[in-house]
């Protein structure tokens, strides 16, 4: 069995990877600093960040497969990252209220044994339902929107805010499992392997 290393401290990514391959992976959060690169398209920027995270974690291992991801919400040409205080979460939710937006993830899988690195992006369209100001504030008060791209959690209480999703639901949570499975297959790793059960 190949050693799998998740380059993320995100509880959501850990849980999604666990659904795919069980508990057979290590968690090694990256300390990569995301430099501002305003000239890049958002998809390219997220891929660059995922590459940076994977390569940062690779410094600590000589063997294994490193998985890293970077997710943001795109609305009207603006990249909405993770709000770190309630007022910012409220502002983001008011922008997305009753509108369609896109969740984009840059995904990198780095095979240290073969020196292969595969990076791709995944996009998911999301339609948020309309909420009044009190509903937005009530959701913000739960604390759930903090530290979530776009200030919502599709897998938590935020699920009731989502009217419709087109594309990979798991991408909207932070790790596109379909694309990840296909990349692992390219590297000779099957999620159906008995060692992952």
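From the backbone N, Cα and C atoms, a Cβ is placed for every residue, glycine too.
The active site, proton acceptor annotation in Swiss-Prot covers 70, and the record cites sequence analysis as its basis. What Swiss-Prot lists as site 'Important for substrate specificity' is 12, 71, 155.
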- Query: Which has the fewest other CB atoms in a 10 Å radius around its CB: 71, 155, the listed recorded sites?
  - Reply: 155
- Message: I'm trying to understand the geometry here, so how far is the Cα atom of residue 71 (site 'Important for substrate specificity') from the Cα atom of residue 12 (site 'Important for substrate specificity'), in Å to the nearest whole number?
- Response: 12
- Item | residue 12 (site 'Important for substrate specificity') in three-state DSSP notation | helix
- Query: Among all the protein chains here, how many other CB atoms are within 10 A of the CB of residue 12 (site 'Important for substrate specificity')?
  - Reply: 19
- In sequence order, which residues at least six apart in the same chain have a CB under 8 Å from the CB of the residue listed as 'active site, proton acceptor'? 34, 46, 47, 49, 50, 53, 105, 106
